[in-house]
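A quick write-up on the structure given underneath.
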Amino acid sequence: MFISFEGTEGVGKSTLIATLHQILSQRYAVVLTREPGGTPLAEKIREILLQPNQEKMSDSTELLLIYAARAQHVEQVILPALQQNKIVLCDRFVDASIAYQYGGRGMDREKIDILTQNFVKQLPEITFWLDAPVALGMQRAQKRGELDRFEQEKLEFFNGVRVAYQELAEQEPDRIVRIDATQRPEEIAAQALELIEQRLKHKNS
Ligand code: TMP
């Protein structure tokens, strides 16, 4: 089962993923991975994408680097793990490109969809979208220390990202599950776990 996690900065994605990984690993084979990244080559591309002090990166370059990393990650990590019947927990996936590059940067959504159609062979079965007011998440992200190239963006950018996640959740209600990220971490984890168990049961019956 392929599960991805989405949301704007500071909504508690990492905490949720770590908790689910710990619990699910007791009973299943689980692969924990992330985007951009997940293989040594894709992690190098991640560094380029997140590094703030460089020449201004064009939106097209950003999008293509993200998909270069994704192609490597899908082929090297995600597909092999799914073929071995493992649970894949992926911190961000294609929805992040629609949210950030379309919703945030204002790129043409069709350009992104074409890349997905051509280079992504598998979409997640469940996508948890952790949703909280953008300002709240930005405060949390700022407390973590130095801001990366995306975290340095303004409130307006992240509002665009959030609106795009909302749009996606409305378009794909069976796959994308909104979780109120202002709840306590234990409540968030319990909701996610319940749905995963339900889907696993359904899949195996
Ligand atoms: P994070 O994993 O620490 O959230 O950092 C990854 C950053 O990369 C995050 O700010 C969102 C951004 N990103 C995109 O803009 N598009 C994408 O498709 C992905 C996967 C991430």
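Note: Cβ is positioned from N, Cα and C throughout, glycine not excepted.
Per TrEMBL, the feature ATP binding site maps to GLY7, THR8, GLU9, GLY10, VAL11, GLY12, LYS13, SER14. According to TrEMBL, the domain 'Thymidylate kinase-like' annotation covers 5-190.
SER14 (ATP binding site) carries a helical DSSP state (H, G or I). Taking the mean position of the Cβ atoms of GLY7, THR8, GLU9, GLY10, VAL11, GLY12, LYS13, SER14 as the ATP site, the remaining same-chain residues with a Cβ inside 8 Å of that point are LEU130, ALA132, GLY137, ARG140, ALA141, ALA181. All protein chains included, GLY10 (ATP binding site) registers 23 other Cβ atoms within 10 Å of its own Cβ. Comparing local CB density within 10 A for the binding-site residues THR8, SER14, the maximum falls on THR8. Within the same chain, the residues at least 6 positions away from VAL11 (ATP binding site) whose Cβ sits under 8 Å from its Cβ are LEU130, ASP131, ALA132, GLY137, ARG140, ALA181, listed in sequence order.
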